[in-house]
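For reference, TrEMBL has these:
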{"type": "ACT_SITE", "residues": "274", "note": "active site"}
{"type": "BINDING", "residues": "81, 221, 222, 223, 272, 388, 389, 390", "note": "substrate binding site"}
{"type": "BINDING", "residues": "230, 250, 297", "note": "Mn(2+) binding site"}
{"type": "BINDING", "residues": "273, 274, 275, 276, 277, 278, 390, 421, 516, 517, 518, 519", "note": "GTP binding site"}
{"type": "DOMAIN", "residues": "22-242", "note": "domain 'Phosphoenolpyruvate carboxykinase GTP-utilising N-terminal'"}
{"type": "DOMAIN", "residues": "246-605", "note": "domain 'Phosphoenolpyruvate carboxykinase C-terminal P-loop'"}
Ligand code: GTP
Ligand code: MN
Ligand code: MN
């Protein structure tokens, strides 16, 4: 076979045999025209983005508005994660559990090898060494993504620590790396012209948890193609975490400082497009409280030496939902974005070479080019940006980034919030009765579906700990891991758990709570509960605020309106119980007993 293989590997910047042999194997299978070893440099980024502009994949934005920034427009059939095509191929079907698609690993490998065979013909194969978390962490988590998409390389450079330093450390420490293979599945015949967004109608996002490997085919969209993010830092990492005794979670993490200068770190798990990035960059509307960002999507947690739960953000960038992110609702995100160095996907273009999306500014531009390249005016009757359009921005551009973001050991977590998008039933905030009751809140978390995943929008589904699409193994085992692992922590220092809902509606259909910056009022209440300073009403589901216990200073709401946001409704909860029972029944035997007991307790209290 030698000839092609040796020629393609000439000049490889490594002698690390495990990597070289994998790259060879993939090159033989996928038949790229050339191999590019990504060094992660500025010069390389400039060259790649220039090429992407020339190819029509990226549009360079007006540098006076968004310096060093680009817009990409995907194929209309490649705009979100594809959950029906996402697989966990454990050796035993039982280990994938009922929340995952499963196929026997060797059968899946055969299928994938067929698809990847020659899939990079006519293209460059990029080799991207990356690390999730800190390069100087005690046990750094390495990966190497092979991709035939330069858009993926440019985006990975924003989202993770990549390039030469990472490669060196892998070699020096003889480290394991997660092999993460990605192809858009659009080989080019000699002379065939490329399209701006190559992809394949057939998509497969596949994880082999025992092997700790990832194969992604057919899509260029972030969650499917930037393999360090959902595929590694959640699905594969959740399996590593189970085996090694830690937690990989779909959580933001923020640092809250009280007027007394006491620091509290709050982690929060909300399903996709339910407010993590917004809460992580929150601008408090109450005096004296300060929020700083640690992470906006993924949190890795482990117990420290004193049994305290510690958290780090394994990512280096934001991949945020654009619509609804605006100067009014999230000025901190807007300031980070406006510094440039960003890649936008499926947003609309303004006539002066900037970007726009629904909710960015109060004033709607007179004329835009929509995400599909069509002329757009406010009368168009359709959104200008795709509902799941995204901004991809380096995290260190956030002015309010907490210095502890850079600490490999992370921060202690004092509170955990679980939240979803529910029009009814779930009050604005409920403190769990106990730690076990808090795990029950997470295990039964529910939300109405959004545009972040392909499929119907607005359907209520259960989403345990906001991890439904991301648990890399059996969901009952996952909940058991939470229960068993937390038993090893220092009970006195376990975070307090709260269930929140920013999306409850009033009888008139509007939001019952203003949300965004005003969510600082809920954070304050949670902290005051931890300190034993705030009042609450004990209800069958936990402790909800008395309207007087929330800081409403400067908020234009009547006591009745506040009551509508915070109240517990026994009838709604009785109606909720069959759904909870049905949900738990789906786990078969793998559900922790403590959770079954929690449900029984709740039913008893509801009467
Ligand atoms: P992923 O990045 O997909 O995991 O989602 P996310 O959880 O980071 O969601 P994000 O913060 O981007 O919010 C998604 C949508 O929720 C946006 O349209 C926001 O405008 C909306 N949203 C966020 N916070 C609030 C809130 O407090 N109230 C209301 N009404 N909407 C909110
Ligand atoms: Mn997410
Ligand atoms: Mn987000």
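Glycine too: its Cβ is placed from the backbone N, Cα and C atoms.
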Neighbourhood of ligand 2 - recorded positions from 274, 277, 297, 516, 518 with Cβ under 6 Å: 297
Rounded inter-Cα distance in Å - residue 273 (GTP binding site), residue 388 (substrate binding site): 8
DSSP-derived class (H/G/I helix, E/B strand, else coil) of residue 222 (substrate binding site): helix
CB contacts for residue 81 (substrate binding site) [other CB atoms within 10 A, all chains]: 22
Binding-site residues close to ligand 1 - of 81, 221, 273, 388, 390, 516, only those whose C-beta is under 6 Å away: 273, 516
Residue among recorded positions 250, 272, 274, 390 with Cα closest to the Cα of residue 518 (GTP binding site): 274
8 Å Cβ shell about 230, 250, 297 centroid, Mn(2+) site members excluded: 223, 229, 233, 234, 272, 298, 470
Residue 390 (substrate binding site) and residue 516 (GTP binding site), distance between Cα atoms, whole Å: 19
Local confidence of the prediction over the domain 'Phosphoenolpyruvate carboxykinase GTP-utilising N-terminal' (22-242), expressed as mean pLDDT: 97
For residue 277 (GTP binding site): DSSP state (helix, strand, coil): helix
Cα-to-Cα gap, residue 388 (substrate binding site) vs residue 275 (GTP binding site), nearest whole Å: 13
10 Å Cα neighbourhood of residue 277 (GTP binding site): matching binding-site residues from 81, 221, 222, 230, 297: 297
Nearest of the recorded positions (222, 223, 272, 274, 275) to residue 250 (Mn(2+) binding site), judged by Cα-Cα distance: 272
Neighbourhood of ligand 3 - binding-site residues from 273, 277, 297, 388, 389 with Cβ under 6 Å: 277, 297
